[in-house]
Amino acid sequence: MGKNSLKRALELDVVDFAEHTSAHGIPRAYVSTGWRRYMWLLCFLFCLSCFGHQAYLIVERFNRNDIIVGVEIKFEEIKFPAVTICNMNPYKNSAARELGAIRNAIEAFELAIDKSDGNAHSKRKKRSANSKMVPIDLLCKEEHGMFTAHDYGHVECTCVTFEDMSKVGDTDDDEIFWNCHQRKDWTHKICHLAEGSNQLKTCKCFEDTCVSDEVTKQLVWPLQLSKNGTKLCISPESSGPRYCASAQKFQVSTCSNCDWLGKCEESDDMDLEEEIDSKTCICHHGNCFQIKGNVKKRKRRTPERKVHERLLSRYEGLLAVYSHCNCTKQHGCVSTSVPDMDLENSNKTCLCFYNKKNEQIWPCYKEPEWEERKCSRCNTMGDCVYSDKPKKQTISCLCATPIKMCVRIDPPQTNDTSLDDRVVKFWDIQPSTTMSPIVKKKEERDKAYGYTGVKDRIALRAKAMENMIFAVDALTEEEKWKISYNKSDFIMKCSFNGRECNVKHDFVEYLDPTYGACFTYGQKLGNNTNERSGPAYGLRLEVFVNVTEYLPTTEAAGVRLTVHATDEQPFPDTLGFSAPTGFVSSFGIKLKSMVRLPAPYGDCVREGKTEDFIYTQKAYNTEGCQRSCIQKHLSKTCGCGDPRFPPYRESKNCPVDDPYKRECIKNEMHVATRDSKKLGCSCKQPCNQDVYSVSYSASRWPAIAGDLSGCPLGMAAHHCLNYKREQGSMIEVYFEQLNYESLLESEAYGWSNLLSDFGGQLGLWMGVSVITIGEVACFFFEVFISLISSNRTKRRPARKSFSSSLRCSTDYNLNKDGFNLDN
């Protein structure tokens with residue numbers, strides 16, 4: 001087949017497609033002539049360009065991968081979530097102080113508080129030359145039957161002092177107290193009747209010595225006072241019998257069961273501050289008459305002392321101290337505040353005798369030459385008698401074995417209490433420029449604690465809580481549980497669905513770095529469901545927080561609570577709620593079940609846990625992922641991790657007393673929070689997640705006195721009420737409604753939408769249907785056949801065209817009849 005034949009064949013293919021296609025415009029352009037053909041061609045090209053633009057918009061929308069969030073309220077059976085509760089106080093104060101690392105952290109915090117208080121300016125009141133003597137209540141220590149005022153005494157006593165010294169807040173070093181006796185040995189009496197008035201002057205007496213407390217009292221209505229010589233008479237205002245006795249024989253006491261005339265029954269309890277509901281009366285031989293108000297007692301505030309001051313104040317004269325020493329074979333050890341140039345000898349620490357009276361430090365010996373023993377007796381100066389049979393003695397003492405001289409020290413609180421914690425460091429009293437190993441260690445530890453330059457109490461307490469976390473992290477698992485609360489002490493009562501639950505078996509305990517022992521309800525129970533909504537059918541707990549065991553670093557009393565899925569790790573420090581003591585804290589919860597689409601529509605992950613996820617036993621969530629990423633970064637950058645998170649793989653967390661690693665942790669945490677992209681973290685949302693929204697409300701608890709459960713035996717009902725409000729809390733966690741909100745993501749524009757819109761645009765602008773697409777396919781197939789046939793010698797059979805043959809026959813007949821269509 002030649003070129004002309006190929007050309008003719010292709011022309012026939014095009015003509016055949018143009019004549020028979022169902023698409024709009026193409027047949028019209030072919031059969032038309034002149035300007036009509038150009039008009040139809042222009043119209044076809046315009047429609048083709050419009051279709052191309054619409055097709056581009058359709059494809060662009062399809063590639064955006066838009067999603068639709070369907071919201072539906074479903075009424076189905078709901079699983080009750082896991083509820084984790086923790087005490088706001090992480091560890092018991094008494095147990096925590098027995099461990100060295102925690103004790104050091106607490107004492108450093110207390111010392112920082114002492115220093116911050118020392119910077120507060122206070123004006124000292126001038127003392128009057130003619131001050132009056134008044135009684136004052138304070139603490140005393142007993143020595144051979146004599147009582148002496150002492151800030152850290154253990155005997156409650158009453159002393160005599162000057163009036164301006166007894167003001168609250170005056171804690172001068174030159175305060176004078178004398179005539180001190182046990183408080184129970186003093187009596188409260190009537191001194192005299194105020195001149196020209198119906199008022200009484202009271203005083204305190206020990207044997208024959210009485211001191212006016214400058215308190216004026218008045219009898220209640222309708223009682224009236226009168227004086228009959230040396231006697232004091234009491235009678236109603238109306239005419240009635242008078243009761244008269246010597247004024248000195250009336251005593252101020254507590255009373256009860258008072259009638260409307262003011263006559264009462266004397267109470268056996270002589271402490272005027274213990275009984276809240278008792279009255280105050282003046283009594284004589286069982287005849288009591290009520291007076292207004294309660295007797296106010298003067299009390300001296302115990303001053304806060306620095307740690308080394310507390311040790312120094314225990315003994316009057318002699319005690320053992322650590323000091324910098326210059327030790328030689330010829331002269332032995334000599335205490336020095338300025339080190340000798342021979343650093344090998346002067347940069348050592350030894351133990352010395354320190355005389356508080358003349359501030360002399362001598363003699364001194366190396367620490368191995370001292371021995372902790374038991375002595376038979378010690379005097380008030382602090383020196384003790386050396387005993388050859390220490391096992392039979394009871395007083396703890398520290399002895400210099402070369403000279404057999406001993407001083408009294410505190411006994412060890414636990415087996416791991418070191419001598420370093422019970423002996424004063426002389427550089428705490430008079431800082432030195434030397435840098436002995438002990439001093440260096442102490443300075444590094446103080447630097448790591450981060451209290452330097454911080455004066456605000458809130459900032460100090462926040463730093464102290466962080467130091468506690470670091471200190472506790474160094475303990476073993478057994479030691480952590482030893483100082484933590486247990487389930488039976490913390491959770492007093494529990495009910496779920498209106499039925500009592502088993503505290504021992506239904507709660508799972510774990511150690512949280514911030515809140516210590518926490519207890520989770522719901523993990524063991526699996527499919528735990530509610531029968532009804534409302535507080536009565538949810539989880540109800542009565543907890544006992546034990547405020548008396550709170551650490552000084554704890555700011556608030558109460559419970560920390562978080563609601564989460566049963567397979568997730570709870571994070572009470574960031575995702576929790578606080579419930580105070582003395583209230584019923586109600587937490588109404590609602591469930592949102594979320595189903596997200598993965599890529600390319602969304603950015604969720606079906607299984608996000610990797611080998612770097614530090615909460616290995618829990619399900620994946622974004623909070624755990626972020627903490628894992630930060631912990632990984634800290635472990636690789638600083639060589640250790642943050643103890644607020646579990647360790648990363650085989651690495652360990654940073655120690656509390658290393659200032660350089662603590663500083664590294666601090667700096668890298670700032671980097672992690674400000675620019676997390678540098679860490680390479682990719683924490684995506686899980687594709688399936690249950691989210692619990694919580695609403696909070698509270699009311700006073702208990703409402704009235706009456707329930708004595710949980711209170712010490714023998715406690716009165718009104719005291720039990722106050723006891724529970726101070727030490728306990730009621731927690732309620734419940735579903736507000738037994739339905740949940742389902743949020744389901746679905747693709748907004750899929751393949752079906754693409755094909756539908758694409759076909760619609762083709763039909764609108766081009767009149768194209770599926771048949772037209774088939775015609776185009778057939779056209780290209782015919783062209784392909786024509787090209788193949790051109791290489792063969794066999795001639796391709798001619799195709800018949802209805803419209804072409806009709807037009808040719810019409811032209812022939814018209815020419816035959818004499819018509820010329822072209823003219």
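Each position is counted from 1, following the chain as shown.
Every residue, even glycine, has its Cβ placed from backbone N, Cα and C.
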To which residue among Asn527, Asn791 does Swiss-Prot attach the annotation N-linked glycosylation site?
-> Asn527
Could you list the residues of the same chain, at least six apart in sequence, whose Cβ is under 8 A from the Cβ of Asn527 (N-linked glycosylation site)?
-> Lys79
By CA-CA distance, flag whichever of Asn326, Cys501, Cys604, Cys683 among the recorded positions is nearest to Cys638 (disulfide bond).
-> Cys683
Cys86, Asn546, Cys604, Cys664, Cys683 screened against Cys629 (disulfide bond), Cα within 10 Å - retained recorded positions = Cys683
So among the disulfide-bonded residues Cys518, Cys683, who's got the most Cβ atoms within 10 Å?
-> Cys518
CB neighbours of Cys625 (disulfide bond) within 10 A?
-> 24
In this structure, which of the glycosylation sites Asn326, Asn486, Asn546 has the fewest other Cβ atoms within 10 Å of its Cβ?
-> Asn486
Determine how many residues of the topological domain 'Cytoplasmic' (1-38) DSSP places in helix, in strand and in coil.
-> 28 helix, 0 strand, 10 coil
Reported as an integer number of Å, what is the Cα distance between Asn546 (N-linked glycosylation site) and Cys494 (disulfide bond)?
-> 18
Between the Cα atoms of Cys501 (disulfide bond) and Asn486 (N-linked glycosylation site), find the distance and write it as a whole number of Å.
-> 17
